[in-house]
C-alpha cells in the first residue's frame with residue numbers, strides 16, 4: 001500500500017549479533033516479452049535478487065532517459081506497475097468531463113503542470129487559485145493505489161472528509177506476540193473522495209486540461225516553454241512543472257553521480273476471510289513475526305518483508321506483504337507467495353478477493369538539477385521520503401507554498417524571460433538546506449538497511465523502540481529536524497550494543513552516503 005503518511009521506514013538497520021546480518025542473495029530469473037506496451041519495450045530479463053554482477057534488465061527503452069529512469073518506471077516489474085495504473089475505477093470522475101479543455105492557439109498559459117496524480121492536481125489547483133492561467137496535461141487515469149495516513153496529518157490538510165476508516169490504535173509486531181503500540185490514530189483514505197476533492201479544487205480555481213502524454217519541453221526564442229504532446233499539440237507556457245512521477249528523466253535533468261535508486265515493492269489483497277487473528281480496532285503497521293514455522297529457512301524467508309494489515313471488520317481485511325527497500329527489485333510474484341504462505345500459517349482462509357494491488361515505489365536516487373529551467377513537483381522532484389517511501393503528504397502540504405513562489409516569480413517576470421536563476425528560487429523552496437540535510441541522513445540509512453536480512457531489521461526495531469517516545473514517533477511522522485536526527489543517531493549509538501556501534505562507524509567510513517551526509521551537514 002502506498003501510504004500518504006509514514007508507514008515503513010529505513011533510516012538505519014542494525015544487528016545485535018556479533019557480526020552484521022547481511023542478506024543472502026538468491027537469483028530469481030524471469031523472462032517476459034512485451035509487444036504492446038506503450039513504453040517501447042522488446043524484452044526484459046529480471047533478477048529478483050541476483051548477484052551484483054548480473055544485469056537486472058536488458059531492454060529497448062524508447063520512452064526512458066536511461067537505465068535509472070527505466071527502474072523508476074517499474075523495471076522488470078513494469079507489467080504489474082501498468083496493471084496497477086490501468087485499473088478500472090468507474091466511481092471516479094474523468095478529468096475531461098469536469099475541466100474545460102486547454103485552448104490551443106489562444107496565447108500562452110502562465111503555468112503547465114504535467115501529471116494528474118495527487119501532486120499534480122494539488123499544485124494546479126493552488127496555482128490557479130492565485131490567479132495564474134494554469135493548464136494540466138497528462139493521461140486521464142484514476143487514483144488506483146490504496147492510501148493510509150496518520151489521521152492528524154490529513155486533518156491538518158483539511159482532508160479529513162476523505163478518510164473512510166479510522167483505527168484509534170496502531171501496532172507493530174517484531175518477533176513475538178506482544179505488540180508495540182504507536183499511540184497514534186491511522187486512517188484509510190477513500191481514493192474516490194480524495195480524487196473528487198482535488199478535482200473539485202481544480203474546477204473551482206479554473207484549471208484547464210488536456211488528456212495527452214508529453215514528449216518534450218523546449219524553449220522558444222522568446223523565452224516561452226513549448227510543451228510538445230504526443231497528439232502533435234504544442235502548448236506554450238511561461239513555466240512548466242513536471243509532476244508525472246519518478247520516471248521523468250526525459251523531461252528533467254538529475255544530478256550526476258548520486259546514489260543508485262532503490263525500490264520498495266508490496267503485493268496486497270483486500271479479501272473476505274473466514275476468520276482473522278487481527279483486532280478490527282487496531283491497524284497493524286508492521287508484522288515482522290516469523291510465519292514459516294520451519295527450522296530450515298526457505299528462499300522466501302531470506303528476503304526481509306513484513307505484513308501490513310488493515311482490518312475493516314473481523315472478516316474483511318486489506319493485507320499487504322512489503323519489501324522495505326532493495327537494490328534489486330523484489331518481484332511481485334515472490335511477495336505474493338510470501339503473503340499467501342503467511343496467511344496460511346496464521347490460519348486465515350480467504351473466501352473472496354475484492355482487489356489485488358501492486359505497489360512500486362522508487363526510493364533514494366539523485367536530486368533534480370536545480371539549475372534547470374523546468375521545474376518539478378512530487379515524486380518527479382525526488383520528494384519521495386527515502387525513509388518511508390512516500391511523498392503524498394509532503395506534496396499536498398507544500399503545494400500552496402510552492403504555488404505562491406511560482407506566482408511571485410511570474411509576477412516579477414511579466415515582461416522578462418524566465419531563466420535558470422529565477423527557476424532556482426522555486427527549486428530552493430522545494431530543496432532548502434534543511435531538507436537536503438534530512439535527505440542525506442535518510443539516504444545514509446537507506447544504504448545501510450538494504451544490506452540486512454529479517455533478523456537484522458528486527459534487531460534495529462528492537463533498539464528503535466527503546467528510544468524516547470517523541471523520537472520514534474517523530475521519526476514515523478517525519479517531524480524531526482536535521483538536528484533532531486543527529487540526536488536520534490547519537491541516542492541510538494549510546495543504547496546499542498558494541499557490535500552495532502562498530503558496524504555504524506564502519507558504514508559511515510566506507511559507504512559514500514556517509515561522506516555525503518557529513519558534507520551536507522557541514523555546509524553553511
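In case you wondered, yes, glycine gets a Cβ from its N, Cα and C as well.
These numbers come from a predicted model, not from an experiment.
Residues annotated as transit peptide in Swiss-Prot, with sequence analysis given as evidence: 1-45. Annotation source Swiss-Prot lists NAD(+) binding site at 111-139. The transmembrane segment annotation in Swiss-Prot covers 441-461, 475-495 and is backed by sequence analysis.
With respect to Cβ neighbours within 10 Å, the binding-site residues 111, 119 differ, and 111 shows the lowest count.
Secondary structure from DSSP puts residue 135 (NAD(+) binding site) in a beta strand. Cβ neighbour count for residue 139 (NAD(+) binding site): 14 (other Cβ atoms within 10 Å of its Cβ, all protein chains included). Sequence-distant neighbours of residue 115 (NAD(+) binding site): residues of the same chain at least 6 apart with a C-beta under 8 Å from its C-beta are 138, 242, 243, 244, 245, 378, 380. Each of the binding-site residues 131, 135 was assessed for Cβ neighbours inside 10 Å, and the highest tally belongs to 135.
The secondary structure of residue 123 (NAD(+) binding site), as reduced to three states from DSSP, is helical.
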